[in-house]
């Protein structure tokens with residue numbers, strides 16, 4: 001549907017040539033913009049209905065008496081259904097610390113939330129298929145699970161500024177709106193959430209689609225294919241290239257699609273995507289305000305090395 005609309009608008013109405021670079025760029029841009037914006041609004045509305053019931057207090061109360069293993073699994077699920085970028089996950093990260101939730105669970109959420117984005121996952125199915133998408137979700141979950149364990153085992157609480165004060169701080173109580181479970185209140189909450197999240201994401205989506213369209217139309221095919229699965233340096237290069245950038249996974253999807261169409265290996269492409277989502281430079285600068293450099297380096301190293309290993313594995317099996 002979206003491709004047919006873009007083809008009609010660009011080639012029939014605008015009159016651009018189908019075999020021209022400009023035509024290819026404009027067609028890709030319009031197709032992806034309409035597709036992603038359409039899916040974005042629908043998905044974040046329904047996720048808003050789900051998040052209506054979620055708060056740090058409820059998570060803490062649910063986890064009482066349960067094992068850390070169960071807590072980490074819940075953190076991964078919660079991270080998957082909260083469409084946050086790495087930076088916007090941090091307030092909830094601090095909320096969990098204040099709620100007294102164990103550190104491994106908190107860091108599991110911090111890693112999982114930007115990496116396993118439910119909107120991006122749904123869109124990704126249409127680009128790389130079910131198999132690669134399931135592997136992507138599974139690998140992100142494994143990274144988050146063991147990353148949380150490693151952060152706790154390394155005694156990272158010693159390197160979080162005022163950790164005891166944060167943990168013992170009084171939580172903001174759940175709003176009266178969320179105590180009213182009527183459909184009208186839930187619908188209004190979901191609409192407000194959808195508008196808020198969309199207002200935060202739309203510019204990144206446009207930037208991502210624009211870069212992806214330019215990549216799709218002008219990037220040399222031969223150079224892209226040099227980043228295939230046989231090039232062992234391609235994955236580390238992709239991870240290091242992704243860290244300085246900032247976007248959520250939805251915004252980077254168009255570039256991922258363009259890279260795959262040009263012949264860049266799946267593992268290399270997804271490693272690039274995961275590094276942007278999970279360990280962006282803006283996220284690290286914000287985290288620097290709440291933790292020492294040693295903890296920040298440990299967090300970055302664990303996640304980056306894990307992503308590299310996953311990317312190499314993907315290139316090996318896909």
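Just so you know, glycine gets a Cβ as well, placed from its N, Cα and C.
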Listed range which TrEMBL flags as transmembrane segment, given the options 106-128, 152-174 | 106-128
What parts of the chain pack near the transmembrane segment (36-54), using Cβ distances under 8 Å and only residues at least 6 beyond its ends?
-> 2, 78, 81-83, 118-119, 122-123, 178, 186-187, 189-194, 197-198, 201-202, 205, 209, 250, 253-254
Against which stretches of its own chain does the transmembrane segment (293-317) lie, if we need a Cβ under 8 Å and a gap of at least six residues from its ends?
-> 107, 111, 132, 135, 139, 142-143, 146-147, 150-151, 154, 156, 159-160, 228-229, 232, 234-236, 238-239, 243, 265-268, 270-271, 274-275, 278-279, 284, 287
